[in-house]
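*Asks:* Below: one structure in structure tokens.
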Amino acid sequence: MTQELVFAALTYPEIDPIAISLGPLAIRWYSLAYIFGIMLGWRYCRWLCFQAPRQLRPIAMDDFIVWATLGIILGGRLGYVLFYNFTYFLYNPLEIFAVWQGGMSFHGGLLGVITAMVLFARKEKVHFLALADIIACATPIGLFFGRLANFINGELFGRVTTAEIGMVFPNGGPLPRHPSQLYEAGLEGLTLLLILYLVARTGGLRRRGLTAGLFLVGYGLSRTIVEFFREPDAHIGFLFAEITIGQLLSSPMILVGIGLIVLAFRQPLQTTGPEFKPEDISPKEADKAAKKKASSNKK
């Protein structure tokens, strides 16, 4: 039976986890996933700022990307330490800083980014939900690249399966398993990105808290579903009644998301602000406008 399962399994495309090697410097796909996710997410956020109701200046995204990156890294690492392997790190505290060895938690990263958004919104004097709605729309981009990197690394694979889509992972034993990383990339990545794009494109950002709520519900449901196919962490296993830590942490997200959606529809639509000034867009646009004005004055 075991031999039949292995024979029927799809071939796992073993890819070197090191994408670029320059002498002693090795750049991993996992690192590139973070870079691509953050940079593309930043550009997408700037574009979203131009959509109605235009309540957040595009140039603000240039500053927030630094805050968001710190929130992702610090929150993601601390979340992994606290939620997934607290006992180990309690006895090996110095390894908390060894982020290059892997070990990041989405839920921790989410809390880190939320903290960054609260502080940034207060500093910039913008509404927290106006910022959260835009960031929520872009987050699936990072999730998509992150899950692809998990697949390349051959980690966070699924449970043993007899389905034809099963794969034999290098570190997953001889039996085929669900490629649950790809399920997550498709659900919480591409599918959620498309849904939020359509909502934002059709005026959804005018309902403050709507896209943030949809993201929380969408991610929470996607993660809960995929967890039924994903192999639980070996050192944690199931918590109770075959419920995983990922499902437990996703439940509050769904509840908070539903609350935000209800709140969004109970509030009046936000009025669309005026067109942005060049200095609201970027220093380059401001400089271009200044040169154009100076040229006109000479004439």
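Each residue, glycine too, has its Cβ placed from N, Cα and C.
Here's the feature list from TrEMBL:
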COMPBIAS  276-289  compositional bias 'Basic and acidic residues'
COMPBIAS  290-299  compositional bias 'Basic residues'
REGION    272-299  region 'Disordered'
TRANSMEM  27-44  transmembrane segment
TRANSMEM  64-86  transmembrane segment
TRANSMEM  98-121  transmembrane segment
TRANSMEM  128-149  transmembrane segment
TRANSMEM  182-200  transmembrane segment
TRANSMEM  212-230  transmembrane segment
TRANSMEM  236-265  transmembrane segment
*Asks:* Can you break down the compositional bias 'Basic and acidic residues' (276-289) into helix, strand and coil residue counts using DSSP?
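*Replies:* For that range the per-state counts are 11 helix, 0 strand, 3 coil.
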*Asks:* Can you tell me which recorded stretch out of 64-86, 128-149, 182-200 has the most Cβ pairs within less than 8 Å of the transmembrane segment (27-44)?
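*Replies:* Maximum Cβ contact count belongs to 128-149.
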